[in-house]
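K.L.:
Here's a structure for you.
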Amino acid sequence: MSNRFAVILAAGKGTRMKSKLYKVLHPVCGKPMVQHVVDQVSQLGLQKLVTVVGHGAEMVQEQLGNVSEFALQAEQLGTAHAVDQAASVLANEEGTTLVICGDTPLITAETMEALLQQHKEAGAMATVLTAYIEEPAGYGRIVRNENGHVEKIVEHKDANEKELAIKEINTGTYCFDNKALFASLSKVSNDNVQGEYYLPDVIEILKNEGHIVSAYQTEQFDETLGVNDRVALSQAEIIMKNRINRKNMVNGVTIIDPSNTYISADAIIGSDTVLHPGTIIEGNTVIGSDCEIGPHTVIRDSEIGDRTTIRQSTVHDSKLGTEVSVGPFAHIRPDSVIGDEVRVGNFVEIKKTVFGNRSKASHLSYIGDAQVGEDVNLGCGSITVNYDGKNKFKTVIGNGVFIGCNSNLVAPVTVEDGAYVAAGSTITENVPSKALSVARARQVNKEDYVDQLLNKKKS
């Protein structure tokens with residue numbers, strides 16, 4: 001196999017997005033568009049990858065890190081000019097170079113591999129990825145000769161009436177003999193309506209020099225969608241969502257209503273897990289097997305163990321063990337670690353807490369900045385009072401502790417193993433192991449008080 005290189009064009013400003021966010025960084029199913037492209041081209045066995053950046057260069061570099069080298073297009077003068085900015089990295093290399101736009105998040109490695117194979121088998125100097133569509137308005141047209149060979153690519157704005165009738169379009173993805181590409185770029189003119197240096201002109205230059213120019217027509221037109229505005233962004237989101245949902249269902253995940261279920265591109269879900277309508281799974285979430293998620297549940301950047309149930313709840317940046325029950329209407333906030341066989345019930349909020357195996361907070365509780373042992377029962381209305389208006393403090397609850405209903409644990413405080421806290425207590429000091437702590441006013445019953453009060457009011 002000859003050397004393979006790729007150039008990703010990601011320098012466009014994206015004016016039509018009408019956004020402060022750089023265009024190729026807009027997410028599709030939770031991942032920036034350009035990251036989708038990089039993830040796919042990285043499967044092609046590349047020797048070098050160069051991303052051409054312009055507006056928002058630093059943000060793109062931060063997103064992609066050391067996966068790619070970068071070239072700066074300080075002034076946007078067209079796609080040929082953009083590719084030429086990679087000359088310092090690639091111009092002297094022998095091999096095949098793939099050129100693709102950073103705003104095509106739906107492209108797959110399989111389609112690009114097919115393009116590269118067509119290029120190799122045809123012995124071509126250039127091969128363009130094309131598609132056939134009924135309404136090609138706005139796309140460059142593929143002009144072929146009487147033998148069906150590619151002659152040139154004409155941009156929509158420069159096409160004549162005959163060329164506008166062509167329905168085979170340029171998708172903006174190409175592969176070239178690397179040295180032929182960079183030798184041809186200097187020959188590209190900007191004598192066109194836009195006054196730009198078009199990369200498709202390289203096709204005509206190579207053809208006129210007698211080189212073989214090939215085309216690979218994909219049947220997956222959706223993959224070639226370029227995102228230039230919010231409408232196209234929403235279209236890409238829907239297509240990617242359906243693709244992700246289908247992949248999960250094929251792999252053994254039950255999705256009750258795929259049209260109302262959203263799974264990020266990087267999420268991993270085990271077999272025989274059921275997702276109910278309104279479920280949103282974001283970021284790098286990993287969900288085990290035999291789980292039941294939803295309805296109306298959001299999980300972000302979290303790890304969920306096998307056989308866990310989460311109903312109408314939110315889990316962020318946390319880890320849950322196996323056979324955990326969460327919800328309905330619970331909120332597990334970042335940096336929480338929930339053990340196995342735990343119950344987090346309705347209207348319970350847990351934040352930055354380690355919650356031990358088989359422990360439970362069944363309803364109406366707030367547990368923050370705490371370490372909760374195993375086999376602990378937190379009664380209804382249990383509160384860790386962790387904030388004094390300036391600093392956060394830790395509550396430690398040992399194994400086998402029983403906290404009665406409507407109790408406040410004022411941190412920093414420790415309740416040792418096996419201790420009991422009576423209902424209605426406000427605990428401000430440590431509770432020894434196996435002690436009963438009662439911290440509430442003693443009940444006083446005043447006999448016949450009501451009759452005396454009512455008689456007094458009558459008089």
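Count begins at 1; order follows the chain as displayed.
Including glycine, each Cβ sits where the backbone N, Cα and C put it.
Pulled these from Swiss-Prot:
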ACT_SITE  H363  active site, proton acceptor
BINDING   9-12, K23, Q73, 78-79, G140, E155, N170, N228, R333, K351, Y366, N377  UDP-N-acetyl-alpha-D-glucosamine binding site
BINDING   D103, N228  Mg(2+) binding site
BINDING   N386, Y387, A423, R440  acetyl-CoA binding site
REGION    1-230  region 'Pyrophosphorylase'
REGION    231-251  region 'Linker'
REGION    252-459  region 'N-acetyltransferase'
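Tell me what's around each of these sites.
P.N.:
In the structure as shown, the Cβ atom of H363 (active site, proton acceptor) sits within 10 Å of 19 other Cβ atoms. Secondary structure at H363 (active site, proton acceptor), taken from DSSP and collapsed to helix, strand or coil, is strand.
Close to K23 (UDP-N-acetyl-alpha-D-glucosamine binding site) in the fold, though at least 6 residues off in sequence, lie G12, K13, G14, M17, M33, D103, V227, N228, each with a CB less than 8 Å from its CB.
Mapped onto three states, the DSSP output places N228 (Mg(2+) binding site) in coil.
Under 8 Å, Cβ to Cβ, and six or more positions away along its own chain, Y387 (acetyl-CoA binding site) finds G368, F393.
In the predicted model, the region 'Pyrophosphorylase' (1-230) shows an average pLDDT of 94.
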K.L.:
What parts of the chain pack near the region 'Linker' (231-251), using Cβ distances under 8 Å and only residues at least 6 beyond its ends?
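P.N.:
For the region 'Linker' (231-251), the list is 17, 26, 28-29, 33, 36, 105-106, 222, 225, 258, 261-265, 267, 269, 271.
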K.L.:
When neighbour density is defined as the number of other C-beta atoms within 10 angstroms of a residue's C-beta, which of the binding-site residues N170, N228 has the lowest density?
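P.N.:
Ranked by other Cβ atoms within 10 Å, the binding-site residues N170, N228 bottom out at N228.
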K.L.:
Which residue, out of the binding-site residues R333, R440, shows the minimum number of other Cβ atoms inside 10 Å of its Cβ in this structure?
P.N.:
R440
K.L.:
If you count Cβ atoms within 10 Å of the Cβ of G140 (UDP-N-acetyl-alpha-D-glucosamine binding site), leaving out that atom itself, what do you get?
P.N.:
26
K.L.:
Tell me, which recorded positions from H363, N386, A423, R440 are within 10 Å of G140 (UDP-N-acetyl-alpha-D-glucosamine binding site) if we use the C-alpha atoms?
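P.N.:
Passing the 10 Å Cα cut: none.
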K.L.:
Out of these binding-site residues, L9, A423, which one has the fewest other C-beta atoms within 10 Å of its own C-beta?
P.N.:
A423
K.L.:
Please state whether DSSP places K23 (UDP-N-acetyl-alpha-D-glucosamine binding site) in a helix, a strand or coil.
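P.N.:
The residue in question, K23 (UDP-N-acetyl-alpha-D-glucosamine binding site), is helix (DSSP, three-state).
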K.L.:
Looking only at C-alpha atoms, tell me how far R333 (UDP-N-acetyl-alpha-D-glucosamine binding site) is from N386 (acetyl-CoA binding site), rounded to the nearest Å.
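P.N.:
Their Cα atoms are separated by 15 Å.
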